[in-house]
């Protein structure tokens, strides 16, 4: 009899624990449901409809929204700008952050190591809107500090945000400054977990710095490198705040001049909230999601062949 009672008590205890766990998970599940899954499902829905936000009326149009986009030159230009931006930002920020992490690695354990790491990470936690105001002044062709320095060394002084050739490089410079700290901290975390015995053995063998990096450090930090590349790629293809705040001022509106910095995110925003074509904007968002998904899977396939997992 006591055995039956103990079994029923264990069953009741496990069921109670299950309900407690479910109750603890419910807030997170509801947040994801309300702010991610339902909006994502609605976005896919209206991508195949002609939807009027003012009357909430919709008419099924199939792939017509996608056909319209594929015949719009600005859509292809925005994709080209996005991939151009990502193709430059991703490798540059990955190499710079890894190099900076290697330089800072020796000084992290010193007295000022924590302060130095905080200074490196500070730009990333600074609001984009606030810092972009400073950078707009820095990029000013007449009174900006950058052109003043270039002029001092008798170098060409571009128009930066007012030039169709230099607007995107200006955005890239600001983005590198703003995001470098995040990826540097990620690499610092990876470097701090390197086995000391392996490093000491390599040093005892009088391994040169390049050989030590290529044969020891690089394979051990390759998982974090893969994570940084994927994260930087997704962030680059979704970049909005930097472009909107830097080019949304006196240079002809966000994405200017002459659509030189119009990326897919900027075009989605303008199509939805300026021109009120929410169905087209949803179709663009769905295309962007598919492109990022395919690119991430391709990166995962490459990483499976190159990444060394301990």
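Placement of Cβ uses the backbone N, Cα and C atoms for every residue, glycine included.
Automatic, uncurated: that is what TrEMBL annotation is.
Among the features that TrEMBL reports, domain 'ABC transmembrane type-1' is placed at 79-299.
Annotation comment: TrEMBL describes 21-48 (among others) as transmembrane segment. Long-range contacts of the transmembrane segment (21-48) within the same chain: residues 58, 60-63, 65-66, 278-279, 282-283, 285-286, each at least 6 residues beyond the stretch ends and with a Cβ under 8 Å from a Cβ of the stretch.
The annotation transmembrane segment is assigned in TrEMBL to 83-104 (among others).
The transmembrane segment annotation in TrEMBL covers 116-138 (among others).
Annotation comment: TrEMBL describes 166-195 (among others) as transmembrane segment.
For 216-237 (among others), the entry in TrEMBL reads transmembrane segment.
The transmembrane segment annotation in TrEMBL covers 274-298 (among others).
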Between the stretches 116-138, 166-195, 216-237, which wins on the count of C-beta pairs under 8 angstroms to the transmembrane segment (83-104)?
166-195
